[in-house]
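**Student:** What follows is a structure written as structure tokens; I'll ask about it next.
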Amino acid sequence: ADVPGNYPLDKDGNTYKCFLLGGNEECLNVCKLHGVQYGYCYASKCWCEYLEDDKDSV
């Protein structure tokens, strides 16, 4: 089963770009900033597991 999640958005409403695919410390930090524990780089954007629709950008 796929784990639900979302692409977090920055304060300008943009996704977080990343270059190192898969496990990515930068994305991990971004996801923690958004209140979830785990995420990784997918299709050059940070993806956070279990992140709700991200309306409250940080």
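Each Cβ is built from the backbone N, Cα and C atoms, and glycine gets one as well.
Found this in Swiss-Prot, in case it helps:
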type     : residues    : note
DISULFID : CYS18-CYS41 : disulfide bond
DISULFID : CYS27-CYS46 : disulfide bond
DISULFID : CYS31-CYS48 : disulfide bond
DOMAIN   : 3-58        : domain 'LCN-type CS-alpha/beta'
**Student:** Fill in the CA-CA distance, CYS48 (disulfide bond) to CYS27 (disulfide bond), as an integer in Å.
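**Tutor:** Distance between the two Cα atoms comes out at 8 Å.
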**Student:** When you measure from the Cβ of CYS41 (disulfide bond), which residues in the chain that are at least 6 apart have a Cβ under 8 Å away?
**Tutor:** CYS18, PHE19, LEU20, LEU21, GLY22, GLY23, ASN24, GLU26, CYS27, TRP47
**Student:** Which residue counts does DSSP yield for the domain 'LCN-type CS-alpha/beta' (3-58) in the helix, strand and coil classes, in that order?
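**Tutor:** Secondary-structure breakdown of the domain 'LCN-type CS-alpha/beta' (3-58): 9 helix, 15 strand, 32 coil.
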**Student:** Do you know offhand how many angstrom separate CYS31 (disulfide bond) and CYS46 (disulfide bond) by C-alpha?
**Tutor:** 8
**Student:** Ranking the disulfide-bonded residues CYS18, CYS27, CYS31, CYS46 by other Cβ atoms within 10 Å, which is at the bottom?
**Tutor:** CYS18
**Student:** Need one number: mean pLDDT over the domain 'LCN-type CS-alpha/beta' (3-58).
**Tutor:** 92
